[in-house]
Structure formats: C-alpha cells, structure tokens
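These notes concern the structure reproduced below.
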C-alpha cells in the first residue's frame, strides 16, 4: 500500500515537477494479476486498479490488517468501474458479471471481494475508489444504460463532453462516495474549464482511452498558484479540496472522477473564472 499524506496548498506551490508527481500522481494503476492501492490521508480515500489475467485477484483480510480492521470493507464502501474486457466480481459468494464500462458498488461489510476476467486475451481492468462508510447500503451493479448522460460544453471552446454519473444519489445511495465517467467528443481537448474547487470534498481523476503518443496536461493548485502534471494513459491524480482540477489533452480522452467528503450534491462547487486564474 502506497500511503500519501495530506499537503497544504502553501507547501504544494513550492514543489518542483518531481515533487508534485510524488505527492499527487498515481503513475501505475494496473499490474497483471495484482491489485494496486494508494491510500491518501485526504478524506481517507483509497484508489487503485485490479487486472486479473491468469488468475483471480482477491481483496480481503490481508488488506484489512493494513487498515487496522479485520477485512478491507469492514468500515468502507467500494466503487468499481471496468474499463477493460468482460469480467466478474464475486462479493461474499454472489457473482456479478461486469462488462466494459459496467460498474459495481459494494457496500460496507462485504468480507471477500474476488475479481476475474472472462477472456485472458482481453482482460478486465477494474478501476476502483474506496472510502470510509458509516452504514451499509446494498451492493448494486450499474450499467451505462442506467446512468443519465449529460452533454456540456461546445466545439468552439474545445470542451464538448458527456458526463455519465454512475454513483450519485439519483442512481443509488452511498455513504459519501460519488463516481462517474466523462468522455470528450472527438476533436475536443479541455475538461472542466472554466474550472472550480470544492471546499467540502476532494476528488481523484483517472485518465484513460489515450494513445501512447498522447498526454493530458492536468491543471492543479490554488487558482492563483496554478501548476500542472503531465498525465499519460491509465494514470490517476489526487486533487485536494483547495485545488482546481482541469486538463487539456493533445487528443480527446476519457476520465473517471471520484469524490469523497461531506457533501454529495454534484453542483456544490466553488467556481473560478478563467480571468481569475494565474
């Protein structure tokens, strides 16, 4: 488990390129037949990926020991979105078929979660966010047909994009975790511009669906002290509450956003005008 400490905005603005990457970038999300796990002290979110190929991958008691509990989800809830081939997730003996861009919410208290791919030639790639939970909500599969896509932006400003809200109050109940998937239209490059912060929750972006020769310049930092981190395919970045989170790519891309904190209202944002950025 890779543990990342909280960091003050006044400290973050003093960091060089490598310092910013060390604090905020999750460089390797998927490893064959393993799970990756980054634990952030910011709202205690856990971020990672699971890519089973030749065997199943379990997340259970061995992780619980690192969290001071008996098993991984004893006091946590889990959200998973599959960006790869078809797979299965078995939760305490109940098997769910999770296809490409299907998602599964797993409620607090599940003792064993087992991940598998159906075809080793096209393995599943399960990206997940995990957050502390105070009560148990039912485990539920969510498919792309069950979300309500919202298209925002304009081709003229190169930010036309479709937002798919998977884990939000209108779709299912969670304790605090919200997740969704945003896809840029072909030829569009910007996400979340004009940008915002949100004082009441943090966020993690996971960029994917990118060519090897493409990248995203992820904008971060306090609005008057902006910095950037260069992101490549299937990498994630941690965004504290005080930081903007926006990006511009060399080509169109897709990203998964995950938020935890004290408010699940999607539009609870502190907007920042483009003219006010520095």
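Glycine is treated like the rest: Cβ placed from N, Cα and C.
Residues or ranges marked as Zn(2+) binding site in Swiss-Prot: 196, 198, 203, 245. Proximity of residue 245 (Zn(2+) binding site) to non-local residues of its own chain (separation of 6 or more, Cβ distance below 8 Å) is seen for 192, 195, 203, 205, 218, 219, 220, 237, 239, given in sequence order.
The binding-site residues 196, 203 differ in how many other CB atoms lie within 10 Å of their CB, and the one with the most is 203. Here the Cβ of residue 198 (Zn(2+) binding site) has 22 other Cβ atoms within 10 Å, regardless of which shown protein chain they belong to.
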